[in-house]
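Asks: Have a look at this one.
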Amino acid sequence: MAAGAVVGAWMLVLSLGGTVTGDQNITARIGKPLVLNCKGAPKKPPQQLEWKLNTGRTEAWKVLSPQGDPWDSVARVLPNGSLLLPAVGIQDEGTFRCRATSRSGKETKSNYRVRVYQIPGKPEIVDPASELMAGVPNKVGTCVSEGGYPAGTLNWLLDGKTLIPDGKGVSVKEETKRHPKTGLFTLHSELMVTPARGGALHPTFSCSFTPGLPRRRALHTAPIQLRVWSEHRGGEGPNVDAVPLKEVQLVVEPEGGAVAPGGTVTLTCEAPAQPPPQIHWIKDGRPLPLPPGPMLLLPEVGPEDQGTYSCVATHPSHGPQESRAVSVTIIETGEEGTTAGSVEGPGLETLALTLGILGGLGTVALLIGVIVWHRRRQRKGQERKVPENQEEEEEERAELNQPEEPEAAESSTGGP
């Protein structure tokens, strides 16, 4: 009963701003105000009292009194004789003593041992494993706690029970860092385990932070549940409930993978195994940037969706296994319905138009070639005719000149 009353009084004192009386060990939160009462001091001046401090801020005992000056912003004596620390820091840890003399001459001493604390943020497990392999060391993850004072400790739990490192099946690598300015601590704890063959298949791990001061509750991380697989070496088989991966089959709906524009195609990868394998999708030989899943839905199929699809199933105890490939194609729709062999439709019209344009261009090119060839022949013919005409003119001139000479001779010899 007495112990309960003491604890209740302690909590009441701290809730009222940290005011305490008597010889006590007290804790104060960093950054909060703390008031220490000087027992036996008169409530009003004149007062005969003296405070002596030995903390991280002092090299020896420092003396404060009501008549003296306050110690900067660190501490000062209140009118009622109490000592006020406006914002407690790590350097304020230490011993505080007050000696007061009442008006009747009775002397009273008060001694305090002050420790400070800071609650860190909730711890968390970073880089957690996705699965564990039986019989070999595995890293479960790293537990991190930041911003606490004093440092405290980190503990790992398996299925709610504390794990004790034994250097064999369980090992822990710890690291403690202190911030150079704030003095607060950051803790790291890396857990390595070697699951036993035939042990639990779904162990649950968690981590807790235990403060360095008593009467402070622990902080816990969110639990993580991992799957344990057996090690396939030396002919050892899988765990009892494991089913090996067999043939991977890819089913397409509608059958054949042919669909009208805007239709829907559903691809289902069937890979029976226990546990279920991870399934990734491949199109035209390239992996698709999609999350793993056994079903691929292609709504409102367009030209960009056409191609060859396959799925790859990856099982922890096997290598990746790929299914056969299936093709997804678009069939055109005519005015009277869907016909696979129809010559109508925008696709064929575009093809016919393209062929017509190409044919016209070819005809024009042929005509231009014929015209150029014909003109070249005409030029060559004209070049040949020019010399022939010149020779004929010269011959004609020669013929015309020859008959005139004999006639002239005859006329000259035919006189009386």
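Using the three backbone atoms N, Cα and C, a Cβ is placed for every residue, glycine included.
Note that the coordinates shown come from a computational prediction; the quantities given were computed from them, not determined experimentally.
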Asks: Under Swiss-Prot's annotation, the disulfide partner of Cys207 is which of Cys143, Cys269?
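Replies: Disulfide mapping in Swiss-Prot sends Cys207 to Cys143.
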Asks: Name the residue from Cys98, Cys269 that Swiss-Prot records as disulfide-bonded to Cys38.
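Replies: Checking Swiss-Prot: disulfide partner of Cys38 resolves to Cys98.
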Asks: Work out how many Å separate Cys38 (disulfide bond) and Cys207 (disulfide bond) at their Cα atoms, rounded off.
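Replies: So the alpha carbons of Cys38 (disulfide bond) and Cys207 (disulfide bond) sit roughly 43 Å from each other.
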Asks: Taking DSSP states H, G and I as helix and E and B as strand, how many residues of the domain 'Ig-like C2-type 2' (238-327) are helix, strand and coil?
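Replies: So the domain 'Ig-like C2-type 2' (238-327) is made up of 3 helix, 39 strand, 48 coil.
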Asks: Just give me the nearest neighbour of Asn80 (N-linked glycosylation site) among the recorded positions Asn25, Cys98, Cys143, Cys207, Cα to Cα.
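Replies: Nearest listed residue in space: Cys98.
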Asks: What are the DSSP helix/strand/coil residue counts across the domain 'Ig-like C2-type 1' (123-220)?
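Replies: Counts, helix then strand then coil: 0 helix, 53 strand, 45 coil.
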Asks: How many of the residues that make up the domain 'Ig-like V-type' (23-115) does DSSP mark as helix, as strand and as coil?
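Replies: For the domain 'Ig-like V-type' (23-115), the helix, strand and coil counts are 3 helix, 44 strand, 46 coil.
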